[in-house]
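Below is one structure; the comments refer to it alone.
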Amino acid sequence: MNSSKSPGLAGFGVLKNTTCHTEKKISVFFSIIFMTAGILSNSLAIVILMKAYQRFRQKSKASFLLLASGLVVTDLFGHLINGAIAVFVYASDKDWIRFNQSNILCSVFGICMVFFGLCPLFLGSVMAVERCIGVTKPIFHSTKMTSRHVKMMLTMVCLFAVLIALLPILRFRAYQIQASRTWCFYKTEHVEDWEDRFYLLLFSCLGFLALAISFLCNAVTGITLLRVKFKSQQRQGRSHHFEMIIQLLAIMCVSCICWSPFLVTMARIGISEGRSKDTCETILFALRMATWNQILDPWVYILLRKAVLKNLYKITSGCCGVHVINLHMWELSSIKNSLKVAAISESPGSSKQINLQPLSSMGQ
(Lines of atoms letter the chains of each structure in order from A; the text may use other names.)
(Lines give C-alpha, C1' and ligand atoms only; values in the text may rest on other atoms or scores of the structure.)
Protein backbone atom coordinates (compact mmCIF):
# COMPACT_ATOMS: atom_id res chain seq x y z
CA MET A 1 0.00 0.00 0.00
CA ASN A 2 3.03 2.28 0.31
CA SER A 3 4.03 1.65 -3.28
CA SER A 4 4.39 4.85 -5.33
CA LYS A 5 3.48 2.78 -8.38
CA SER A 6 -0.12 2.39 -7.16
CA PRO A 7 -1.85 5.74 -7.70
CA GLY A 8 -5.12 4.74 -6.12
CA LEU A 9 -3.50 3.74 -2.82
CA ALA A 10 -0.56 6.12 -2.76
CA GLY A 11 0.28 7.48 0.63
CA PHE A 12 -2.28 5.48 2.59
CA GLY A 13 0.50 3.63 4.37
CA VAL A 14 1.50 6.91 5.95
CA LEU A 15 -1.92 7.12 7.55
CA LYS A 16 -1.36 3.95 9.55
CA ASN A 17 2.04 4.65 11.13
CA THR A 18 2.18 8.42 11.23
CA THR A 19 4.73 9.85 13.65
CA CYS A 20 3.47 13.39 13.35
CA HIS A 21 0.83 14.58 15.75
CA THR A 22 -0.47 18.08 15.08
CA GLU A 23 -3.13 19.73 17.19
CA LYS A 24 -6.14 20.14 14.90
CA LYS A 25 -7.40 23.51 16.15
CA ILE A 26 -3.97 25.13 15.99
CA SER A 27 -3.20 23.71 12.55
CA VAL A 28 -6.50 24.71 10.97
CA PHE A 29 -6.08 28.14 12.57
CA PHE A 30 -2.73 28.53 10.79
CA SER A 31 -4.26 27.47 7.47
CA ILE A 32 -7.17 29.89 7.72
CA ILE A 33 -4.96 32.79 8.81
CA PHE A 34 -2.43 32.17 6.03
CA MET A 35 -5.14 31.86 3.39
CA THR A 36 -7.02 34.98 4.51
CA ALA A 37 -3.89 37.10 4.84
CA GLY A 38 -2.60 35.93 1.48
CA ILE A 39 -5.87 36.63 -0.33
CA LEU A 40 -6.28 40.10 1.17
CA SER A 41 -2.69 41.23 0.67
CA ASN A 42 -2.44 39.94 -2.88
CA SER A 43 -5.82 41.39 -3.81
CA LEU A 44 -4.72 44.80 -2.54
CA ALA A 45 -1.45 44.52 -4.46
CA ILE A 46 -3.32 43.60 -7.66
CA VAL A 47 -5.49 46.73 -7.39
CA ILE A 48 -2.44 48.95 -6.87
CA LEU A 49 -0.49 47.35 -9.71
CA MET A 50 -3.44 47.59 -12.09
CA LYS A 51 -3.78 51.31 -11.43
CA ALA A 52 -0.04 51.78 -11.89
CA TYR A 53 -0.08 49.73 -15.11
CA GLN A 54 -2.78 51.97 -16.57
CA ARG A 55 -0.58 55.01 -15.91
CA PHE A 56 2.63 53.47 -17.32
CA ARG A 57 1.09 51.22 -19.96
CA GLN A 58 3.13 52.58 -22.87
CA LYS A 59 6.32 53.25 -20.92
CA SER A 60 9.34 51.28 -19.78
CA LYS A 61 7.94 50.62 -16.33
CA ALA A 62 5.02 48.67 -17.81
CA SER A 63 7.06 45.46 -18.24
CA PHE A 64 8.03 45.42 -14.56
CA LEU A 65 4.42 46.08 -13.51
CA LEU A 66 3.19 43.31 -15.78
CA LEU A 67 5.60 40.80 -14.24
CA ALA A 68 4.75 41.99 -10.73
CA SER A 69 1.04 41.55 -11.53
CA GLY A 70 1.71 38.01 -12.73
CA LEU A 71 3.53 37.28 -9.47
CA VAL A 72 0.78 38.52 -7.17
CA VAL A 73 -1.94 36.82 -9.27
CA THR A 74 -0.04 33.54 -8.95
CA ASP A 75 0.31 34.03 -5.21
CA LEU A 76 -3.40 34.85 -4.95
CA PHE A 77 -4.51 31.68 -6.73
CA GLY A 78 -1.99 29.69 -4.72
CA HIS A 79 -3.59 30.81 -1.48
CA LEU A 80 -7.10 30.29 -2.84
CA ILE A 81 -6.58 26.76 -4.18
CA ASN A 82 -4.09 25.33 -1.69
CA GLY A 83 -5.78 27.03 1.24
CA ALA A 84 -9.22 25.77 0.25
CA ILE A 85 -7.97 22.19 -0.10
CA ALA A 86 -6.14 22.35 3.23
CA VAL A 87 -9.21 23.68 5.05
CA PHE A 88 -11.34 20.93 3.44
CA VAL A 89 -8.87 18.30 4.65
CA TYR A 90 -9.04 19.67 8.20
CA ALA A 91 -12.84 19.89 8.04
CA SER A 92 -12.95 16.22 6.97
CA ASP A 93 -10.85 15.29 10.00
CA LYS A 94 -7.95 14.36 7.66
CA ASP A 95 -9.71 11.14 6.72
CA TRP A 96 -8.01 10.69 3.34
CA ILE A 97 -9.16 7.07 2.99
CA ARG A 98 -12.78 8.26 2.94
CA PHE A 99 -12.58 11.10 0.38
CA ASN A 100 -9.46 10.20 -1.62
CA GLN A 101 -10.01 6.62 -2.79
CA SER A 102 -8.86 7.38 -6.34
CA ASN A 103 -6.02 9.70 -5.18
CA ILE A 104 -7.33 12.52 -7.38
CA LEU A 105 -7.44 15.11 -4.60
CA CYS A 106 -3.92 14.28 -3.42
CA SER A 107 -2.60 14.50 -6.98
CA VAL A 108 -4.26 17.88 -7.51
CA PHE A 109 -2.96 19.09 -4.15
CA GLY A 110 0.59 17.94 -4.93
CA ILE A 111 0.57 19.51 -8.39
CA CYS A 112 -0.66 22.81 -6.95
CA MET A 113 1.94 22.74 -4.17
CA VAL A 114 4.78 22.30 -6.66
CA PHE A 115 3.42 24.75 -9.24
CA PHE A 116 2.53 27.56 -6.81
CA GLY A 117 5.83 26.98 -5.04
CA LEU A 118 8.13 27.18 -8.05
CA CYS A 119 6.23 29.66 -10.20
CA PRO A 120 6.64 32.67 -7.83
CA LEU A 121 10.35 31.87 -7.49
CA PHE A 122 10.72 31.75 -11.28
CA LEU A 123 8.78 34.99 -11.69
CA GLY A 124 10.92 36.65 -9.05
CA SER A 125 14.07 35.73 -10.95
CA VAL A 126 12.55 36.94 -14.24
CA MET A 127 11.65 40.23 -12.57
CA ALA A 128 15.22 40.55 -11.30
CA VAL A 129 16.57 39.95 -14.82
CA GLU A 130 14.12 42.50 -16.26
CA ARG A 131 15.13 45.14 -13.72
CA CYS A 132 18.80 44.43 -14.36
CA ILE A 133 18.35 44.90 -18.11
CA GLY A 134 16.24 48.02 -17.58
CA VAL A 135 18.94 49.69 -15.46
CA THR A 136 22.10 48.50 -17.23
CA LYS A 137 20.80 48.47 -20.84
CA PRO A 138 17.96 51.00 -20.94
CA ILE A 139 17.95 51.47 -24.71
CA PHE A 140 17.81 47.73 -25.36
CA HIS A 141 15.11 47.40 -22.70
CA SER A 142 12.94 50.13 -24.22
CA THR A 143 13.13 48.64 -27.71
CA LYS A 144 13.07 44.89 -27.01
CA MET A 145 11.18 44.40 -23.73
CA THR A 146 7.70 45.07 -25.07
CA SER A 147 4.46 43.97 -23.44
CA ARG A 148 4.15 41.16 -25.98
CA HIS A 149 7.57 39.79 -25.05
CA VAL A 150 6.80 40.05 -21.35
CA LYS A 151 3.54 38.15 -21.80
CA MET A 152 5.43 35.46 -23.71
CA MET A 153 7.92 35.17 -20.85
CA LEU A 154 5.07 34.87 -18.34
CA THR A 155 3.51 32.11 -20.41
CA MET A 156 6.80 30.21 -20.74
CA VAL A 157 7.49 30.45 -17.01
CA CYS A 158 4.02 29.12 -16.16
CA LEU A 159 4.28 26.29 -18.69
CA PHE A 160 7.69 25.26 -17.34
CA ALA A 161 6.35 25.23 -13.77
CA VAL A 162 3.35 23.16 -14.92
CA LEU A 163 5.69 20.68 -16.61
CA ILE A 164 7.72 20.24 -13.43
CA ALA A 165 4.54 19.77 -11.40
CA LEU A 166 3.14 17.18 -13.84
CA LEU A 167 6.41 15.27 -14.17
CA PRO A 168 5.62 12.65 -11.47
CA ILE A 169 2.16 12.07 -12.94
CA LEU A 170 3.62 11.63 -16.42
CA ARG A 171 6.05 9.12 -14.94
CA PHE A 172 3.22 7.31 -13.12
CA ARG A 173 4.53 8.38 -9.74
CA ALA A 174 1.68 9.55 -7.53
CA TYR A 175 2.05 12.38 -5.07
CA GLN A 176 2.20 11.20 -1.45
CA ILE A 177 0.10 12.14 1.56
CA GLN A 178 2.58 13.56 4.07
CA ALA A 179 2.99 12.33 7.62
CA SER A 180 0.93 15.18 9.06
CA ARG A 181 -1.97 14.06 6.80
CA THR A 182 -2.63 17.72 5.92
CA TRP A 183 -0.94 18.12 2.53
CA CYS A 184 0.51 16.22 -0.42
CA PHE A 185 3.95 16.47 -1.97
CA TYR A 186 6.78 14.30 -3.24
CA LYS A 187 7.65 11.28 -1.15
CA THR A 188 9.52 12.46 1.96
CA GLU A 189 9.50 9.33 4.14
CA HIS A 190 11.70 6.29 3.51
CA VAL A 191 13.04 7.80 0.30
CA GLU A 192 15.13 5.09 -1.30
CA ASP A 193 14.21 5.09 -4.97
CA TRP A 194 16.42 7.28 -7.19
CA GLU A 195 13.39 8.82 -8.91
CA ASP A 196 11.86 9.99 -5.63
CA ARG A 197 15.21 11.54 -4.75
CA PHE A 198 15.37 13.15 -8.17
CA TYR A 199 12.06 14.98 -7.73
CA LEU A 200 13.06 16.36 -4.33
CA LEU A 201 16.48 17.47 -5.57
CA LEU A 202 15.00 18.91 -8.77
CA PHE A 203 12.56 21.04 -6.78
CA SER A 204 15.30 22.24 -4.43
CA CYS A 205 17.84 22.93 -7.19
CA LEU A 206 15.34 24.90 -9.28
CA GLY A 207 14.34 26.92 -6.24
CA PHE A 208 17.94 27.68 -5.28
CA LEU A 209 18.76 28.52 -8.91
CA ALA A 210 15.90 31.03 -9.05
CA LEU A 211 17.07 32.61 -5.79
CA ALA A 212 20.67 32.75 -7.03
CA ILE A 213 19.63 34.45 -10.29
CA SER A 214 17.54 36.95 -8.33
CA PHE A 215 20.39 37.65 -5.94
CA LEU A 216 22.95 38.10 -8.72
CA CYS A 217 20.76 40.32 -10.89
CA ASN A 218 19.58 42.41 -7.95
CA ALA A 219 23.17 42.86 -6.82
CA VAL A 220 24.18 44.06 -10.29
CA THR A 221 21.17 46.38 -10.37
CA GLY A 222 21.96 47.82 -6.95
CA ILE A 223 25.63 48.39 -7.80
CA THR A 224 24.66 50.04 -11.09
CA LEU A 225 22.20 52.34 -9.35
CA LEU A 226 24.82 53.35 -6.80
CA ARG A 227 27.32 54.07 -9.57
CA VAL A 228 24.72 56.15 -11.40
CA LYS A 229 23.97 58.02 -8.20
CA PHE A 230 27.61 58.94 -7.58
CA LYS A 231 28.34 59.74 -11.23
CA SER A 232 25.29 61.92 -11.75
CA GLN A 233 25.58 65.52 -10.67
CA GLN A 234 21.81 65.83 -10.45
CA ARG A 235 20.46 65.28 -6.96
CA GLN A 236 16.92 64.65 -8.20
CA GLY A 237 17.48 60.97 -8.82
CA ARG A 238 18.59 60.06 -5.31
CA SER A 239 15.11 59.30 -4.02
CA HIS A 240 14.54 56.71 -6.73
CA HIS A 241 17.93 55.14 -6.05
CA PHE A 242 17.09 54.76 -2.38
CA GLU A 243 13.63 53.44 -3.25
CA MET A 244 14.96 50.81 -5.67
CA ILE A 245 17.76 49.65 -3.37
CA ILE A 246 15.34 49.27 -0.46
CA GLN A 247 12.93 47.27 -2.63
CA LEU A 248 15.67 45.02 -3.95
CA LEU A 249 17.04 44.31 -0.48
CA ALA A 250 13.55 43.61 0.86
CA ILE A 251 12.68 41.21 -1.98
CA MET A 252 15.96 39.31 -1.61
CA CYS A 253 15.65 39.05 2.17
CA VAL A 254 12.01 37.90 2.09
CA SER A 255 12.64 35.23 -0.56
CA CYS A 256 15.83 33.87 1.00
CA ILE A 257 14.53 33.83 4.58
CA CYS A 258 11.16 32.29 3.72
CA TRP A 259 12.21 29.70 1.15
CA SER A 260 15.62 28.56 2.36
CA PRO A 261 14.37 26.30 5.20
CA PHE A 262 11.98 24.38 2.94
CA LEU A 263 14.44 24.06 0.05
CA VAL A 264 17.22 22.94 2.39
CA THR A 265 14.92 20.42 4.07
CA MET A 266 13.80 18.90 0.75
CA ALA A 267 17.40 18.75 -0.49
CA ARG A 268 18.56 17.08 2.74
CA ILE A 269 15.79 14.47 2.46
CA GLY A 270 16.72 13.79 -1.16
CA ILE A 271 20.44 13.45 -0.41
CA SER A 272 20.26 11.49 2.86
CA GLU A 273 20.59 7.74 2.76
CA GLY A 274 17.67 5.79 4.12
CA ARG A 275 15.30 7.50 6.53
CA SER A 276 15.68 11.24 6.86
CA LYS A 277 16.20 12.75 10.31
CA ASP A 278 13.83 15.62 9.51
CA THR A 279 10.64 15.24 11.51
CA CYS A 280 7.22 16.11 10.23
CA GLU A 281 7.10 19.13 12.57
CA THR A 282 10.31 20.43 10.96
CA ILE A 283 8.86 20.00 7.48
CA LEU A 284 5.61 21.73 8.50
CA PHE A 285 7.55 24.65 9.99
CA ALA A 286 9.57 25.00 6.77
CA LEU A 287 6.37 24.84 4.72
CA ARG A 288 4.76 27.60 6.77
CA MET A 289 7.87 29.72 6.35
CA ALA A 290 7.61 29.29 2.57
CA THR A 291 3.93 30.25 2.72
CA TRP A 292 4.88 33.54 4.36
CA ASN A 293 6.80 34.47 1.23
CA GLN A 294 3.55 34.57 -0.75
CA ILE A 295 2.01 36.75 1.95
CA LEU A 296 4.93 39.18 2.26
CA ASP A 297 5.69 39.48 -1.48
CA PRO A 298 2.82 41.86 -2.25
CA TRP A 299 3.56 43.99 0.82
CA VAL A 300 7.02 44.71 -0.52
CA TYR A 301 5.41 46.45 -3.49
CA ILE A 302 2.57 47.93 -1.42
CA LEU A 303 4.64 49.49 1.35
CA LEU A 304 7.96 50.23 -0.33
CA ARG A 305 6.55 52.60 -2.94
CA LYS A 306 7.69 56.16 -3.42
CA ALA A 307 4.49 57.70 -2.05
CA VAL A 308 4.55 55.54 1.09
CA LEU A 309 8.26 56.11 1.69
CA LYS A 310 7.72 59.84 1.27
CA ASN A 311 5.05 59.87 3.99
CA LEU A 312 7.23 57.71 6.24
CA TYR A 313 10.08 60.16 5.74
CA LYS A 314 7.81 63.06 6.69
CA ILE A 315 6.74 61.32 9.89
CA THR A 316 10.29 60.28 10.79
CA SER A 317 11.81 63.67 10.07
CA GLY A 318 9.01 65.37 12.02
CA CYS A 319 9.61 63.15 15.06
CA CYS A 320 13.40 63.31 14.93
CA GLY A 321 13.69 66.89 13.77
CA VAL A 322 16.09 65.91 10.99
CA HIS A 323 15.81 67.46 7.53
CA VAL A 324 18.50 66.09 5.31
CA ILE A 325 16.76 65.33 2.01
CA ASN A 326 14.56 67.85 0.25
CA LEU A 327 11.07 66.45 -0.15
CA HIS A 328 10.67 67.76 -3.67
CA MET A 329 13.04 64.98 -4.79
CA TRP A 330 10.22 62.48 -4.44
CA GLU A 331 8.13 64.25 -7.07
CA LEU A 332 10.62 63.81 -9.89
CA SER A 333 10.75 60.95 -12.33
CA SER A 334 13.18 58.24 -11.31
CA ILE A 335 13.96 56.02 -14.26
CA LYS A 336 14.63 59.12 -16.37
CA ASN A 337 17.93 59.89 -14.64
CA SER A 338 19.13 56.29 -14.85
CA LEU A 339 18.33 56.24 -18.55
CA LYS A 340 20.18 59.51 -19.10
CA VAL A 341 23.36 58.41 -17.38
CA ALA A 342 23.32 54.95 -18.96
CA ALA A 343 22.74 56.41 -22.42
CA ILE A 344 25.63 58.83 -21.95
CA SER A 345 27.97 56.05 -20.82
CA GLU A 346 26.99 53.81 -23.74
CA SER A 347 27.22 56.51 -26.40
CA PRO A 348 30.49 56.61 -28.43
CA GLY A 349 30.30 60.38 -28.62
CA SER A 350 30.34 62.96 -25.90
CA SER A 351 27.35 63.75 -23.76
CA LYS A 352 26.91 67.08 -25.50
CA GLN A 353 26.04 65.35 -28.75
CA ILE A 354 23.15 63.44 -27.21
CA ASN A 355 19.72 64.88 -27.08
CA LEU A 356 18.39 63.72 -23.73
CA GLN A 357 14.86 64.98 -24.21
CA PRO A 358 13.61 61.88 -26.09
CA LEU A 359 15.23 59.66 -23.46
CA SER A 360 13.54 61.53 -20.66
CA SER A 361 10.14 61.14 -22.27
CA MET A 362 10.84 57.45 -22.83
CA GLY A 363 12.08 56.90 -19.23
CA GLN A 364 8.93 58.35 -17.77
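Cβ atoms are placed via backbone N, Cα and C, with glycine included.
According to TrEMBL, the transmembrane segment annotation covers 26-50, 62-90, 102-129, 150-170, 198-226, 246-271. Annotation comment: TrEMBL describes 41-301 as domain 'G-protein coupled receptors family 1 profile'.
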Next item on the list: Determine which recorded stretch among 62-90, 102-129, 150-170, 198-226, 246-271 has the most C-beta pairs below 8 angstroms with the transmembrane segment (26-50).
Entry: 62-90
Checklist line | Chain residues in Cβ proximity to the transmembrane segment (102-129) (below 8 Å; excluding those fewer than six residues from its ends, i.e. six or more beyond) | finding: 7-11, 64, 67-68, 70-71, 74-75, 77-78, 81-82, 85, 96, 153-154, 157-158, 160-162, 164-166, 168-169, 174-177, 183-186, 203, 206-207, 209-211, 213-218, 221, 251, 255, 259, 290, 293-294, 297
